[in-house]
């Protein structure tokens, strides 16, 4: 049957997608992840109306309006405060998921969305720009939490052969959120002056649906067993997510991980950074999360309209062309989602960053030559599409999935805190420095992004192993082998090596390698 978990002759577990798994993936991605994409794009269309509202409100309060610089500063604060909230939310993830659980954090964080929607929806009635800005800040906190917790939750409830498929679903809904904001922002729909408060507050609809349905589903079985030691609830949750199945093998795999962590509680970010046994995993999370934002994808969105305008697309039609790029995002995300379990994580992230790097170089070349070679303006449009497609097929979602896979239960919350906070800081940094980079380097600024993309692709190729269809214990053992090889190579006489003991994370403890005098040559 399609809902069974089969125990293969090799002892490995394979599982089919059940309706419960699909429902949880949909509800969490639709009610949380999609809001991140929606809030990224929602302020673009009504920008002029929001600025006009700000100016009109200041005139009514002070009798004089804002100059252009002050108005631009207020609008920039409205846009960028979302990233500041996201950073704060990402720093809260470790504490929240340990206290409330994975599903509990997703459900409880919906209160932030209702608060933000109320503030933004009634801001014009109350003549309060502060309500818009604070509402954007609150949505940022929610997105900072969701961006880490949703892939963590899905990665823990999914069987290992479906972890990639379910882990990329949030990225598809992020793309769908951007696309939805682009479509609703068209002048024919909610792109009119009177509709912008409704446009900003529509985030409450998917969150309300999530709040009504998600509490009926169980918590993460791994969280229940390894952190809460509740075997009965674990069995109930597994039966719910695996339907008719023999869940004994999966429970034994969790118990194996639990035994390896018997002396290790959930650790803090500082403890994670100081733990030399996971240094390669931490470095990998740092590289791929920073690379995800410094790849230039946000800068591409910033410059898309200018590139389309230079390509000769009439100004009234650029908004529809932008919607078309949103549709490309969704298609590329679906391709990544449905091929990741066949191709693996490495090909998608290496190929995605590789395509982005080449297209960034292509944009630089086309912008330099388009004054002399007319068809180069179309090459620049193709490169924009290539960067967007390359990003969405791998780098948009795989870093969050890999963050879950590279760590065991005790280290995972802190790892998501590190990855999420670096992601948001890089997002804010690139948004802040790109205009200055563009002014100083001109068309050559995209070569910086090219170098970042190719560097990340090379790092992943050399350092990060393929994690497809492997348990969390097996993945950590691959890195433990890397640590052991490095330490043994550092010794002059590897034949005089004696293994002292293993620590709780399954790798060699500091000082665990020593010379055995009894085996010394006479």
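Cβ atoms are placed via backbone N, Cα and C, with glycine included.
The domain 'Major facilitator superfamily (MFS) profile' annotation in TrEMBL covers 25-468.
Marked as transmembrane segment by TrEMBL: 21-38 (among others).
Using a Cβ-Cβ cut-off under 8 Å and counting only residues 6 or more beyond its ends in the same chain, the transmembrane segment (73-94) has close neighbours at 39-40, 43, 47, 50-51, 54, 66, 105, 129, 132-133, 136-149, 266, 268-269, 413-414, 416-417, 420-421, 423-425, 427-428, 431-432. Residues or ranges marked as transmembrane segment by TrEMBL: 73-94 (among others).
Taken from TrEMBL, the feature transmembrane segment applies to 106-125 (among others).
For the transmembrane segment (131-153), the list of distant contacts is 24, 28-29, 32-33, 35-36, 39, 43, 50, 74, 77-79, 81-93, 96-97, 102-103, 105-106, 109-110, 112-113, 115-120, 122-123, 167, 170, 200-201, 203, 220, 397, 400-401, 403-404, 412-413, 416-417, 419-420, 423-424: same-chain residues at least six beyond its ends, Cβ to Cβ under 8 Å. What TrEMBL records for 131-153 (among others) is transmembrane segment.
Positions annotated as transmembrane segment by TrEMBL: 165-184 (among others).
Residues or ranges marked as transmembrane segment in TrEMBL: 196-217 (among others).
Per TrEMBL, transmembrane segment is recorded for 282-303 (among others).
Within its own chain, the transmembrane segment (318-340) has Cβ neighbours under 8 Å at 41, 45, 164-165, 167-169, 171-172, 175-176, 178-179, 182-183, 185-187, 304-305, 308-309, 348, 352, 384-385, 388-394, 396-398, 468, counting only residues six or more beyond its boundaries. Annotation source TrEMBL lists transmembrane segment at 318-340 (among others).
Look at TrEMBL and you will find 347-369 (among others) tagged as transmembrane segment.
Sequence annotations record features per position, and here TrEMBL assigns transmembrane segment to 375-402 (among others). Long-range Cβ contacts of the transmembrane segment (375-402) within its own chain (Cβ-Cβ under 8 Å, at least 6 residues beyond either end) map to 147-148, 151, 155, 163-164, 167-168, 170-172, 174-175, 284-285, 288-289, 291-292, 295-297, 300, 304, 307-308, 310-312, 325, 328-333, 335-337, 340, 345, 348-356, 358-360, 362-363, 365-367, 369, 419, 423, 456, 464, 467.
Here the transmembrane segment (414-437) has Cβ contacts under 8 Å with residues 79-80, 83-84, 86-87, 89-91, 93-94, 97, 144, 147-149, 152, 266-269, 271-273, 281-282, 285-286, 289-290, 292-294, 296, 298-299, 302, 399-400, 403-404, 406-407, 445, 448 of the same chain, all six or more residues outside its ends. The transmembrane segment annotation in TrEMBL covers 414-437 (among others).
Per TrEMBL, transmembrane segment is recorded for 443-464 (among others).
Within the same chain, the transmembrane segment (282-303) packs against the transmembrane segment (443-464): three or more Cβ pairs sit under 8 Å, each pair at least 6 residues apart. Below 8 A, the CB atoms of the transmembrane segment (21-38) and the transmembrane segment (347-369) form no more than two pairs separated by six or more positions in the chain, fewer than 3 in all.
Each of 106-125, 165-184, 196-217, 443-464 was scored by its Cβ pairs under 8 Å to the transmembrane segment (347-369), and the highest score goes to 443-464. Non-local neighbours of the transmembrane segment (196-217) in the same chain are 20, 23-24, 27-28, 30-32, 34-35, 38-39, 42-43, 45-46, 49-50, 53, 103, 106-107, 110, 113-114, 116-118, 120-125, 132, 135, 139, 184-185, 190, 240; each lies 6+ residues outside the stretch with a CB under 8 Å from one of its CB atoms. Across the domain 'Major facilitator superfamily (MFS) profile' (25-468), the prediction's mean pLDDT works out to 85.
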